[in-house]
Amino acid sequence: MFVLKRVLSAVPQSTSLCVSHFSACYCLKTSRKSSPYSSVDSERYSSLVKSVMSSRVSSQTPETLQAEDEHIYGPVVKAQTPTKQEKREPKTLHPFLNYEETVETEEPESSGPPARISLNRDQGRSFVPSVTRILQQTLSSEQIFYLERWKRRMVAELGEEGFKQHSQNLFRQGKLLHSALEDILTSGVAWKDTSSSETPEYPADVQGYLQSISHILEDVSAVRAIESTVQHGTLNYLGIVDCVARYRGVLCVIDWKTSEKPKPFLSNTYDNPVQVAAYAGALNSDGNYKYQVENGLIVVAYKDGSPAHAHQLSSELMLEYWKTWLLRLEEFTENR
């Protein structure tokens, strides 16, 4: 072997050598094809491979995000690093449905106009907390972390006054959208049966949202309630449901939401499913409503008119979120 190496090293580059002392003839030639990798920066490529192979999960964790924010926006004042919480079960599993009422499978022939029970705090409701208030006061450390992070980034971009104005505009647009939907859903005419000439002019701020949810409205029928108060007498909380209607034939508590960013997954809606389950549970126990609702629907509309996302909550999902609501309600009661 050593002799063969000596012989090969002595062969001029312009010649070829045929080695015939083996079972097969092997010819060594100097002509080679240029490799497409010859021009690659091997040092940078090696660094890239090491970086990718050493990162099994995303490097964007609450800890690194907090460090990054401190570097850009200054030290965090209120936000705390989220901690994982153990899964808990409610101490008392209150029923989601009122079994004394019959769960409707078919819409009655004459159900009358949609219910709209206004919230009147003077009628013994002064000390009854709302669903929104309970959820706001029982946010997890992780939710608080990301909420405050978002707020700090917005303030850094818009300033204190700019952020305040931005929040007010979002709230105003949401109210205008709900008002327009109330007008549409109480007109008694299905959205798919209306023509552009029959559609009234709504404020410019909601035109994009209405275009966004137009395909959803085509599947909404048999509206039972609009902006109506529901109250759970046993658990002592109340809320105002956006809408109770059939979506593709299924009776649902419908919650209309607006968003500046796409929310294609149910997980993007944060506490909205818990809110819908809380409303449905209150409606099911409220004597003002002679029916039961097992399903939910969250509709996320976009101002630019892009198609809204509709997140359906099956009866099984609603029961899971009902348990989460009971936990939040227990925490709120204990803190009080």
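Think of each number as a place in line: the chain as shown, counted from 1.
Note: Cβ is positioned from N, Cα and C throughout, glycine not excepted.
Because TrEMBL annotations are produced automatically, they should be read as predictions rather than curated entries.
Quantities reported herein were computed from a predicted structural model and do not represent experimental measurements.
Check TrEMBL against the ranges 102-121, 182-201 and you find region 'Disordered' recorded for 102-121. Counting other Cβ atoms within 10 Å of each Cβ, the lowest count among the active-site residues Asp242, Asp255 belongs to Asp255. In this view, Lys257 (active site) is surrounded by 18 other Cβ atoms within 10 Å of its Cβ, with every protein chain counted. Confidence annotation: the domain 'PD-(D/E)XK endonuclease-like' (172-302) carries a mean pLDDT of 91 in the model.
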